[in-house]
Amino acid sequence: MLNDNTLHVAANCRYPDEMYGKPLKGMSSTDFHCKAPEIMEGPQDIEVSWGSTAIFTCKVSGDPKPSIFWMRNDEEIALDSTKYTLMENGSLLIRNTEDSDSGHYECMAKNSDGEVKSRAARMILVRPEQHSRNAYGSPVFLVMPVGVTTSEAASEINLHCKAVGNPHPTITWSLNGVQLTSSERHFIDRDGTLIIRPVKASDHGTYRCDATNDNGRISAIADVIINVAPVFTAHPQNIDTDIGSTVKLECVAVGSPPPEITWFKDDLEVRSDGRVFISEDGSYLEIRNAKESDSALYICEARNHIGFREVSAKVKVTSLSRKPPTFVYKPYNIETLVGSTIELPCKAQGDPTPGIQWQKDGASLQRTGRTKVSLTGNLYIYSVVPEDQGRYECTAINDFGRNTASCYVTVKENQNPTNFGIGDKFVKIAFVEASQEVDKAINKTIDNLVNNRGPHSSAELFRLIRFPDAPARELARAAEVYERTLVNIRKHVREGMRTNSTTDFNYREILSPDHLNLVAELSGCMTHRFSKNCTDMCFHSKYRTIDGTCNNLQHPMWGASLTGFRRILKPIYENGFSTPVGWNKEIKYYGYSKPSSRLVSTTLIATSKITSDKEITHMVMQWGQFLDHDLDHAIPSVSSESWDGIDCKKSCEYAAPCYPMDVPPNDPRITNRRCIDFVRSSAICGSGMTSVFFDNIQPREQINQLTSYIDASQVYGYSEELSRDLRDLNGEGGRLREGAVFAGRKPLLPYAGNQGVDCRRNLSESTINCFVAGDIRANEQAGLIAMHTLWMREHNRIARKLKSLNPHWDGDMVYHEARKIVGASMQHITYKHWLPFIIGPEGMQLLGEYKGYEPTINPSISNVFATAALRFGHTLINPVLHRFDWDFKPIREGHLPLHKAFFSPWRVVDEGGIDPLLRGLFAVPAKLKKPDENLNTELTEQLFKSAHAVALDLAAMNIHRSRDHAIPGYIEFRKYCNMTQVDSFDDLKNEITDRSVLRKLQELYGHPGNIDVWVGGVLEDQVEGGRIGPLFRCLLIEQFRRLRDGDRFYYENPSVFKPEQLVQIKQYSLSRVICDNGDNITRTTKNSFILPELQGGYIQCENIPEVDLSLWSECCSDCRYSGQLNTISRLNARNRRHLDDFTYKNSTATENYIEENRKLKRKMLKMEKDLHSMKETVQQLERVIKKLERQN
């Protein structure tokens, strides 16, 4: 196993010595022998007759095998074959016992890793005449009890006590003065030996053996010490006090041996000093004359060699005065010249003293090396440049409030500039212009989309739900400002310097590296080049981060949110790095121009005829969309108007970021416009024109806003800020926020509120606003809302159950454990239930079995997967969402045409909740894709249609998006997938068998190499048992294999769940989730993706297998003191204080661990089969009984 190149290990190993410093890769399992000796069975007191043979037992274990030595009365015994013999099992054989052999014997075991000594066992030698001399009289001990030190892990305790006398004495036992009687745990044998099993902590104490007869009584005592881990009997309490007071924290723990108590403040050990006093036993911590700096989380740790426990308390020390900030003086408006130095005053007072923060134009002030904030809060700006112009805000903050003051700085050019280089002048002018142009366009877009509180059209809502949030906007804006600055520099150089206009414009001839660095810093284009800290292994070894970072510990940003898509093939931008395909109408591809995206849609893709699938339900489509919203979301441009002020909705000009879709002549629907508006996706810094700074020209790459992993990010969000906004942080329940609850229903999603998306398209229909979920597209259509609601409820159902099983868990641990289960269940449903219907049986064979985590595989979503391959799902969409009541009949409001389902959360609230939609999804067939039936016209002719806007065309958008992203053509990806060579349209006849389709393709594209990848992939015949053609099957297998094998937290990885928990995860089905979380669904199908008539119709929910969450119960030895077990915060704290050995396994555990897992799994499977067989037997008996009752 250690020769496996995919294994990653990080450990601090002391033994074996001879392996110290050697590389793990070169070792084998035989090189490891780190087990110190352990005595499994030690010698016991014995009584032997004079001249007989005695045996003392000593069974030991260890690696390497220990050597055995024997001691008598603390002196080593010289072993020989005549008197003392060491037997093969380590026992000592003594022949011809005599008086000199009496005494105490000890067994010692040694190896290179340590040594251990047994208890002292006593040998009593009895001469024959001793019995006769004592024939009549009081009791005499032959064997007396010896003290024992053990732990609860021991199987039993034996206390030997034997006496003689006349009459024969009776043996009785007492513990701490209380007589013991025979019971389930205490047994006294004929010789008087007391046997205690099983061993418990309560067995600790002093035992007395009494031997009594008519002539007297004798006693002997022995102490039994049970080593136990610490248990707290007094906990420190949270304290909120004032400055100058005395803080007292009490912490008392018991255990054996007595525990040592240590105090920690914010994970650093606290020691006594002038103000801090810790009692000698550590039970009291006292802080005198408390200061605000004493406010912290104080942890009391009790530790002995058996284990340790922690409890904590929060101490908050505040000022009695509690004064919010007020300004002593504020900044004021100022005019300045380029190159000067200015001071913006800002000073505030309060108690505690407020901190000062500065912002420029609403964003945190970027430190450029020319700014400085004084101790009092004044802002100094040195060597002023034009881009320093703007509004500056000074904010004073303390614990009791905040105060803000602002001013405006106007920067004027020096009328007589000297010593300006060409680069200096044009960088300054170009950057200021670019910032203003981009910010103006962004602000206008935000104002139109967000601040317009009136009803929105569906087209506006479509743009709004995809509009990036603030962090994503900052990332995209940086690249746009940088790119626009370079464009402006070129413009000004050519205009101002009257240089020769050449096609090849070299920015480095005008701009020095310092200039490029300045543009990158000012635009914010450096901020994405950060390294993630993944050292907190107590968290990262067990749970995913929200943003997907630190999944791969070698490449922490692989699969993370707000990172670039992965490329399978190099993009084909027309200028080599940023201009989309089709931007220049003069450029030919294989001798032909690119056909209009809209023309391809109306000619080849759109259909008004719908044929139903014979096997799968509409839920296959809905799960595909829900899954897609977990994997990818290309951030659109931060503006819907060009940087030159052109509104993309009102112009057909190609002006970045506007890239409109041309409407061909004689279009069947659009007659009053020449184009359909379309906005490019945003690029990430370091690609396209911004790669000029990074020393290596890189093609433009789009940003994936989401994490690439199947991790339920559409439920929990893709950033820490969003995830916290979705959580219910009141209490320790670990649940997600819930919305309105109506009679007879379960909670809905929470409403977005005033700060969110406005779904009120028509106030005469409803005033209900949008819902909020982990993905901003949750409101896109009613079926998707139902899925988001379902899984929010599932998380909260799991969280409530986990909290009831583990009341000592804090809210964070409940949340992350529930999130872990939800993410695993989605993986299981996707790979085991959904994907086989998409790629077919042969595709599943090509995907192969899971063999373990591979940290060398990048799981990031490929651009072609997000832009083309996964969009096959559009071919499965019906033009109507069916809605059924409890009896699977249409509800009173009827079924829902798709164009009326967009952005209509009110239909979920007012028209029956989510149950009718869910029943329609698992009861109705999906649309069947045929050569001439691809996308229904609800998607190509009525998508987000409204009275004052041109309806969008989803097929044309798919084609145009692949051109925006410069995705290579269909033929290039056929080569990648090792499909047959294509030189003519006739060469496509094996994959696209419909001759009419091939003819239309030739008329539109002219050459096979000109075909867009999405068009070619969609038009292929479906593979056997699947819903896609061979090209998309290849691309989906490539991505889903990466999402499985490159995910350290993939649910089948042995290190993610315990074996018994994994068995339960594999019980998950979408049908069970629907039963558990629907409002009142009592009947469903066994498999929600298969038509009811193909699986025996509908069954009661009680017949759908359930997931047993009791296997997530964390046991504690003494739950009276619950709250002392691990929580996430305590695990993290302990990791920082105790850097214990840590081994990170990638694809496999140890061979023994895997074998044990397999054995346990086989055992549990056998038990499940036996249980199933028993259930069938009971059902047969019930049928027989009912038959007999009818006969009677």
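The backbone N, Cα and C atoms fix where each Cβ goes, glycine too.
Unlike curated entries, TrEMBL annotations are predicted automatically.
TrEMBL tags one of the stretches 352-393, 1150-1191 as coiled coil, and that stretch is 1150-1191.
On the 0 to 100 pLDDT scale, the model's mean across the coiled coil (1150-1191) is 63. Contacts of His874 (heme b binding site) defined by a Cβ separation under 8 A and a same-chain sequence distance of 6+ are given as Leu935, Leu939, Leu954, Ala955, Asn958, in order along the sequence. Residues in the domain 'Ig-like' (325-410) partition by DSSP class (helix H, G, I; strand E, B; coil) as 3 helix, 50 strand, 33 coil. Assigned with DSSP, the residues of the domain 'Ig-like' (230-318) fall into helix, strand and coil as follows: 3 helix, 54 strand, 32 coil.
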